[in-house]
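Asker: Starting off with a structure, shown below.
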């Protein structure tokens with residue numbers, strides 16, 4: 001008996017060691033592929049067609065084919081998809097870095113337009129895709145889909161992939177477009193996730209006026225509370241670092257505290273069932289405005305590059321996995337007998353995505369233009385077409401939501417669910433590769449004067465991303481800087497003469513200087529202590 005137990009124990013240990021070794025091999029291969037993506041992306045840096053997301057997708061597809069051949073069709077990926085991996089570990093650094101590096105002056109100058117596109121526009125796209133899918137798919141024999149599935153499809157395909165879009169546009173070359181597409185992408189992702197969670201939590205078998213009003217109220221509550229949580233977390237980090245000043249002992253501590261406080265804001269939002277995307281995004285904005293100025297110069301450089309590096313690696317990881325998972329045999333097995341039907345379903349969804357986006361970009365742009373007096377602030381037709389095109393791409397968020405709705409632990413045994421998963425994969429690959437490849441040349445064709453816009457707005461380093469001296473824009477620098485004659489600002493003075501200086505942002509600056517910065521720090525209000533984070537870049541406004 002003892003010998004039997006010992007032999008069983010040794011066999012179990014052997015199996016465990018084999019499993020551990022397989023995981024180690026998979027991780028080694030995946031890390032090697034990440035390195036290959038970075039190297040190839042560097043070599044293709046000057047390409048007007050390729051970007052890192054497309055490169056990672058292509059390498060993922062090629063790797064999936066190799067794995068399929070070596071495993072004789074049993075598997076195509078090295079890792080099993082996990083929603084926790086995506087939402088808990090990969091998405092936070094991407095969204096936080098987006099807020100931390102954003103040019104806030106551009107973002108908040110177009111804030112109402114961004115909110116219209118990101119919130120109202122997403123709702124319009126959601127309704128268009130849901131109703132269209134319900135209308136067309138009932139004519140196909142693809143299995144049983146209930147109303148919750150159709151509404152979930154609307155939320156899944158309403159999520160534009162800000163990761164992919166932001167790699168196509170450059171905020172220095174096309175600042176107005178970047179701020180609109182970037183801001184819409186973040187708010188859009190948050191809106192889509194909130195919609196998706198609300199669909200799963202509400203009883204959709206009995207829809208009435210009370211349910212709709214409760215849904216809208218819950219939606220607004222999530223937006224407001226998620227934003228406030230991010231702001232509070234950012235202000236708390238600024239206050240703690242300013243008061244305790246870790247840098248006099250160790251810059252490592254203040255860097256670690258910034259990273260952990262940012263991640264804590266995301267996890268608190270998840271804990272309280274809020275929109276963690278919105279929370280960590282606004283936490284990034286507040287940290288870049290206050291906290292970043294309270295740390296030592298070396299910590300500023302470290303945090304700027306650390307956040308950007310984490311975001312970059314997470315983006316590559318996501319697209320690499322999506323490329324490999326696109327060839328998963330288990331998902332395609334259900335639709336292999338009717339490829340024409342699968343292609344039709346994918347084509348319908350892609351068409352609905354295009355129609356749903358057009359249904360709000362052009363009408364809302366028209367409404368936004370009615371509120372703008374200056375022609376420079378209006379969104380012209382060519383810019384509207386560019387915004388519409390850039391937002392057609394779907395990616396990791398859509399994939400993660402589709403897995404959540406139509407699979408269990410990454411697998412599905414239902415025909416209808418398999419159709420939805422394979423169609424999502426098809427739309428994501430096609431939109432990312434085809435639309436991604438065409439976006440750069442399309443922008444150059446439609447906006448040949450984009451450099452003119454960049455000359456007027458790219459000189460606003462409203463984030464830690466640049467360390468250059470800003471030019472005056474819309475009369476929003478201090479009087480001391482206005483009087484400074486040694487800084488050339490011809491473009492800025494022209495803008496000052498053509499635009500009223502008493503804007504909402506003007507009054508916010510007055511409030512910020514009088515009440516917020518004396519408490520939470522920031523540029524110009526950190527007391528001088530030998531070795532403290534003196535404002536070397538005194539002219540930089542963030």
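Every residue, even glycine, has its Cβ placed from backbone N, Cα and C.
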Asker: Check each of the ranges 2-19, 56-73 against TrEMBL and return the one annotated as transmembrane segment.
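Answerer: Range annotated as transmembrane segment by TrEMBL: 56-73.
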Asker: Taking pairs 6 or more apart in sequence, does the count of Cβ pairs under 8 Å between the transmembrane segment (56-73) and the transmembrane segment (305-324) hit 3 or more?
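Answerer: In contact, yes.
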Asker: Can you tell me which of 85-102, 176-199, 344-367 gets the most C-beta pairs within less than 8 Å of the transmembrane segment (114-138)?
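Answerer: Highest pair count goes to 344-367.
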Asker: If you count Cβ pairs under 8 Å, which stretch among 85-102, 176-199, 344-367 touches the transmembrane segment (418-438) the most?
Answerer: 344-367
Asker: Between the stretches 85-102, 176-199, 305-324, 344-367, which one has more Cβ pairs under 8 Å with the transmembrane segment (24-44) than any other?
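Answerer: Stretch with the highest Cβ contact count: 305-324.
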Asker: Six or more residues beyond either end and a Cβ under 8 Å away: which residues meet both conditions relative to the transmembrane segment (85-102)?
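Answerer: Residues 162-163, 166, 179, 182-183, 186, 189, 262-263, 266-267, 270, 276-277, 280-285, 287-288, 292, 304, 307-308, 310-311, 314-315, 317-318, 396-397, 400, 462-465.
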